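**Student:** This is the structure I have questions about; it appears just below.
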Protein chains: 2
Amino acid sequence: MSLDRDKGVTAPAGFTAAGIAAGIKDSGNLDLALVVNEGPNDSAAAVFTTNKVKAAPVLWSQQVLKEGRLRAVVLNSGGANACTGPEGFQDTHATAEKVADVLECGAIEVAVCSTGLIGERLPMDAVLSGVDAAKAALKSDTQAGLNAATAVMTTDSRPKQSWKAHEQGWSIGGFVKGAGMLAPNLATMLAVITTDADVDKGTLDAALRKATAKTFDCLDVDGGTSTNDTVLAMASGASGIKPGADEFVALLTEVCWDLVRQLQGDAEGVTKEIFVTVQGTRSDQDAMVVGRIIAEDNLVKTALFGSDPNWGRIAMALGRAPVDIDPDLLSIVINGIRVMDKGTRGEDRAGADLSGREVTIVVDFGLGDGAATILTTDLSHAYVEENSAYSS
Amino acid sequence: MSLDRDKGVTAPAGFTAAGIAAGIKDSGNLDLALVVNEGPNDSAAAVFTTNKVKAAPVLWSQQVLKEGRLRAVVLNSGGANACTGPEGFQDTHATAEKVADVLECGAIEVAVCSTGLIGERLPMDAVLSGVDAAKAALKSDTQAGLNAATAVMTTDSRPKQSWKAHEQGWSIGGFVKGAGMLAPNLATMLAVITTDADVDKGTLDAALRKATAKTFDCLDVDGGTSTNDTVLAMASGASGIKPGADEFVALLTEVCWDLVRQLQGDAEGVTKEIFVTVQGTRSDQDAMVVGRIIAEDNLVKTALFGSDPNWGRIAMALGRAPVDIDPDLLSIVINGIRVMDKGTRGEDRAGADLSGREVTIVVDFGLGDGAATILTTDLSHAYVEENSAYSS
């Protein structure tokens, strides 16, 4: 059974969701989402941004998630609530209290996520009345999940969902938002993942860390790691089925990968979806470091925007990596053409056809068994346009 | 006495230079330069790229400079001779031998610099006959220096020279090329500096390292460190004056700073000249690391291109730095307006007028006495245009 991008967080049993227009955004678009775990279980896990400047909702949710259980998560677009001081933290706390109030649970069971402009307070009247409206709109149908996925969008051009069922009768669904500031150790990105599998909080936490390491952590659009990044998973146990740990990780990774591919495909100004595979390094970690340096290099990214298989810029970029390199062993293959072969020019670069949307770069260090693949995009006029015109 | 940008390497006594069209570039523009130290002294020093993928001329010149003395340097544009394998190294060697032949010295006294596309062999017939033509054109006048400065240009829009005399009767002159790939620990950049001061090779080497650490190392346009970066200094002693070490470093730093300001002002696609000062860190090194992360952040750079004082992106960028940070002590001042004050919103960002060409950003960590200033530029449509259209 393949992945279904028309379903999301409400597809697994035991979840309701809503996405409403609270008036946080001037545009009147949907801007507040609520996802509720209706049980019977309440296992939860999350991974957060590694940025040292963390938004108030991240500081709050990190505390809440220490318990490993959640009743609900409330999310807003239209404001990141980052760099807002103690007042911003109070705003997050008040939002969680309000959700706890309408759901008749404790605030400690409510995670909060925000996305949008840094440094501005949220319009709390709109947020709090929005929670009432979201509670009233909670449903378990497909539209409710789509509304929630839509309400978290900022510069995203479309909502991004994924769902897949396991043949044993349980499933995993989710949504994600993010289009720029996508980088190492999570993108500017909020993701909510739900499952009706019966998994305890320890299993869920370990599975989420394994899955994000191979998916969200491998996306690097512009080196930016936001103040607000959060990937949150909740398990209802409503299917009554307890999957094996390995098969749960496998399906979770599949859903996360599908969400990441959608982030890559909808990145700001994207005209190329680029896969940078680095292999032959001394370690996987070295390969990851090199892959990110190539993925973040503006000269590489602009060359690819120009459909130019300019391998010299790739060689230049990787030469900056703090890892073992023997230039005489380096090879670079672009879309199947070995343009650099053991330190010098290989096949004619003109043979590498980059006219399509997908570009595959394989760099071989010839030193060991390390390998990693980073997903990135090109640097286009549209990227500059969006990011010079939009305050985010 | 102020800096003179109309004079360069031939302004100090004891140097001749030439810049000619050897036919390396298809355009027929000047593409080969020769700068000769006519003595009586032959002290020389250089700093090179830290990139692990080094071009053949860098590998050659690093060996040659171990002697600390040079008769001449030959430079070409139109090809970087990087990633060209043993054949590329032989081409560099043959070029040095040819120069040694026409100047009647040893190849070990000849440094070689190249700039242009990576991964292609140089047209050696053109290079070698160009050396003959350059030898015939050697002169000590101002035009000869300008010709040499012009012959090394790639995407540079204009030659970049600087000269300043010390009141004691000695002077320092130089030229530089570079417009993109400008980054930590030297830009993609070739610089030749001459002086008629009587300084021995040890003094010259120490002075060059001090001066470049405070000038060339502080320029970071796009994070790229090229395969070919070289800053080379030669001292003829023709003035017969032996300056004090401190006053020599001071004047050398002044000339290097002027060359760096010209690189910043002529960077690819530049519409803003940005000065990022980081202070209050635990160490100067921490401040340098943070300054570079801010200077390389595409979201910061595009916001500045849009004249948007988006301090949230600066806070986001610096939060990724591997240094001590207390978010509650952070302040950010943009063009004199304290937009972030001790971790939260300060004055209204609208008060920061970024309509001019120069932008000053001061980030205060409030933790210690560390400080550094990085020079950078914005990320504009023109940057994307130049770098997607031009193979370099």
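One is the number of the first residue shown, and numbering goes on along the chain from there.
Glycine is treated like the rest: Cβ placed from N, Cα and C.
From TrEMBL, here are the annotated features:
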BINDING   A:Thr154, A:Lys177, A:Thr188, A:Glu268, A:Asn387, A:Ser392  substrate binding site
ACT_SITE  A:Thr188  active site, nucleophile
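Quick one: where do these features end up spatially?
**Tutor:** Taken residue by residue with DSSP, A:Asn387 (substrate binding site) is part of a helix.
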**Student:** Using Cβ atoms only, which of the binding-site residues A:Thr154, A:Lys177, A:Glu268 are under 8 Å from chain B?
**Tutor:** none
**Student:** Find, for the listed binding-site residues A:Thr154, A:Asn387, the residue with the lowest Cβ contact count at a 10 Å cut-off, counting only other Cβ atoms.
**Tutor:** A:Thr154
**Student:** Taking the Cβ of A:Glu268 (substrate binding site) as centre, how many other Cβ atoms lie within 10 Å?
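**Tutor:** Result for A:Glu268 (substrate binding site): 27 neighbouring Cβ atoms inside 10 Å.
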**Student:** As a test of the contact definition, list every same-chain residue at least 6 positions from A:Lys177 (substrate binding site) whose Cβ is closer than 8 Å to its Cβ.
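**Tutor:** The list for A:Lys177 (substrate binding site) reads A:Ser77, A:Thr115, A:Ala149, A:Val152, A:Met153, A:Thr154, A:Asp156, A:Pro159, A:Lys160, A:Met189, A:Leu190, A:Ala191, given in order along the sequence.
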